Each structure stands twice: as structure tokens, then as C-alpha cells.
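Enquirer: First the structure, which I've put down as C-alpha cells, then a few questions once you've had a look.
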Amino acid sequence: MDAVAAEPVSSSTAGLPAQLRDLGQQNYAPVWRAMQRFTDARGEHTADEVWVVEHAPVFTLGQAGKPEHVLAPGEIPVLQVDRGGQVTYHGPGQLVVYPLLDLRRLKIGVRDYVCKIEQALIDTLEEWNIVAERRDGAPGVYVGGAKIAALGIRVRRGCTFHGLSFNVAMDLEPFHRINPCGYQGLQVTSVLDLGGPSGMDAVKAVLLDQLARQFGLVLQPTSALPDLSLPA
């Protein structure tokens with residue numbers, strides 16, 4: 001997917017309301033299934049939502065994922081999921097954000113959506129004087145050739161689910177057990193390793209502000225969690 005330039009939405013512009021749900025630490029599968037249910041059930045007037053979570057250790061294989069890119073998972077489970085992209089790792093210390101947005105309401109296409117997420121990440125890192133960039137044909141955000149944030153999205157009936165993972169202050173060893181995003185030997189890094197803060201809350205606040213700015217959203221925090229039960 002090629003990078004597409006996108007102008008940020010001014011923070012002074014009146015935005016569209018979106019519910020912000022902080023799920024804390026959760027296993028991957030219940031959140032994935034809840035995203036699917038939300039997207040399947042939403043209608044024309046359903047308010048957008050943004051979910052924030054830290055996952056327990058898991059490798060996920062996207063729709064383009066090849067099992068041979070999972071080299072030595074060991075005790076970490078591997079899940080085949082319905083997002084785009086290849087294999088990645090989620091674990092504690094990684095900030096995962098799932099924007100559940102109606103692209104028709106926002107009047108943007110998929111390329112602009114991806115570009116806006118990448119720009120929000122780049123602008124977040126700039127807060128700590130970390131210079132990041134896109135790569136043509138390889139969605140995500142990179143610092144000095146090392147990947148610091150991955151994207152894996154799905155769009156159904158014009159509505160997005162899945163999202164981004166941002167390495168904040170985490171154990172990066174599990175990435176050595178896979179070919180991250182399908183690239184052999186791809187280096188990964190984290191905000192902490194680059195001199196940024198170790199606290200998740202500080203990074204979370206800046207990233208959510210940048211995402212709201214890019215998409216013209218007014219995030220409305222709610223303590224209510226989605227139904228995270230798994231089907232029997």
C-alpha cells in the first residue's frame with residue numbers, strides 16, 4: 001500500500017463524537033470477537049468508537065499471513081485473524097488502538113485512513129523529538145529503519161475495525177520468533193528504547209489527541225466495556 005499525503009484536521013474544528021473505551025489489559029480473542037460484533041451490528045447512525053487495550057502475549061496472522069513466517073512461537077499462542085497484513089506480536093507494554101470508524105461519515109477512503117493513522121503516530125513521536133517516517137509499500141511507522149508501529153486493518157461496509165499497535169515499553173524478544181510483517185530480519189524498536197517515556201499513560205494521551213486531530217473526532221471517555229464474552 002502506497003503512502004498518501006493527508007492534511008491533519010485542525011484541533012479547533014468542531015469534531016464528530018466518538019466513544020473512547022479503555023479496556024485495560026485483555027486477551028486478544030475476546031476483543032477481536034467484540035470488534036466483529038460491533039461492526040456487524042452497527043448501522044448508519046451508530047456512533048463511532050475508539051478502543052484502547054494492552055494484550056496478553058499473542059502472535060496474530062493476518063489474511064496475507066504465511067505460517068512459515070512464525071519461526072519459533074514457543075509458549076506464545078498463534079491466532080489466524082481477519083485483518084489485513086502478515087504476522088505480528090502483541091504483548092504487555094504495547095499500546096493497541098482499534099478505531100471503529102465509519103469512513104463514509106468521515107468522507108475519506110482507505111488510503112487516507114491509513115495515512116492519517118501513520119501521521120498521528122509520527123506526530124506523537126515528535127513530542128519526544130523522535131523522528132519517524134513512513135515506508136512506501138510497507139504500512140506502519142519506522143525510526144532509523146526499525147519498525148515502531150504496525151498497522152493491520154479491515155474495512156467492512158465502509159466501517160473500520162482492527163487498527164494499530166505501538167511499541168511503547170515492552171519486551172521485544174518475541175519479535176525475534178517471527179518475520180515481523182513478513183519481512184525476514186526486520187528490526188523493531190520501542191519508544192522507551194529511543195529515549196521516550198516508559199509510562200503508557202503519557203504516550204496514550206498524546207496518541208489519542210493526535211488521532212482525534214487527524215480524524216476530526218471529539219473523544220468521549222466511557223467506563224463501560226464492550227461485551228468481551230466468547231461464543232460457546
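Just so you know, glycine gets a Cβ as well, placed from its N, Cα and C.
OK, Swiss-Prot features for this one:
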DOMAIN    44-219  domain 'BPL/LPL catalytic'
BINDING   R83, G84, G85, Q86, V87, T88, Y89, H90, A150, L151, G152, G163, L164, S165  substrate binding site
SITE      K147  site 'Lowers pKa of active site Cys'
ACT_SITE  C181  active site, acyl-thioester intermediate
Enquirer: Looking at substrate and its recorded binding residues R83, G84, G85, Q86, V87, T88, Y89, H90, A150, L151, G152, G163, L164, S165, figure out the farthest C-alpha pair and report it in angstrom, whole number.
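Expert: Taking every pair among R83, G84, G85, Q86, V87, T88, Y89, H90, A150, L151, G152, G163, L164, S165, the longest Cα gap is 15 Å.
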Enquirer: Over all shown protein chains, what is the count of other CB atoms within 10 A of the CB belonging to Y89 (substrate binding site)?
Expert: 27
Enquirer: Could you round the CA separation between Y89 (substrate binding site) and K147 (site 'Lowers pKa of active site Cys') to a whole angstrom and send it over?
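Expert: It is 12 Å, counting Cα to Cα.
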Enquirer: For C181 (active site, acyl-thioester intermediate), which DSSP three-state class applies?
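Expert: It is helical.
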Enquirer: Per DSSP, G85 (substrate binding site) is which: helix, strand or coil?
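Expert: Looking at the DSSP assignment, G85 (substrate binding site) belongs to neither helix nor strand, so coil.
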Enquirer: Give me the CA-CA distance between G85 (substrate binding site) and C181 (active site, acyl-thioester intermediate), in Å, as a whole number.
Expert: 7
Enquirer: Between L164 (substrate binding site) and C181 (active site, acyl-thioester intermediate), find the distance joining the two CA atoms and give it rounded to the nearest Å.
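Expert: Between the Cα atoms of L164 (substrate binding site) and C181 (active site, acyl-thioester intermediate), the distance comes to 13 Å.
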Enquirer: For R83 (substrate binding site) and the residue listed as 'active site, acyl-thioester intermediate', determine the Cα separation and express it in whole Å.
Expert: 12
Enquirer: I'd like to confirm something. Which of the recorded positions, V87, K147, A150, G152, has a Cα closest to the Cα of the residue listed as 'active site, acyl-thioester intermediate'?
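Expert: That would be V87, nearest by Cα distance.
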Enquirer: Please work out which residue of V87, A150, L164, C181 has the most C-beta neighbours within 10 angstroms of its C-beta, and give that one of the recorded positions.
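Expert: Most Cβ neighbours within 10 Å: V87.
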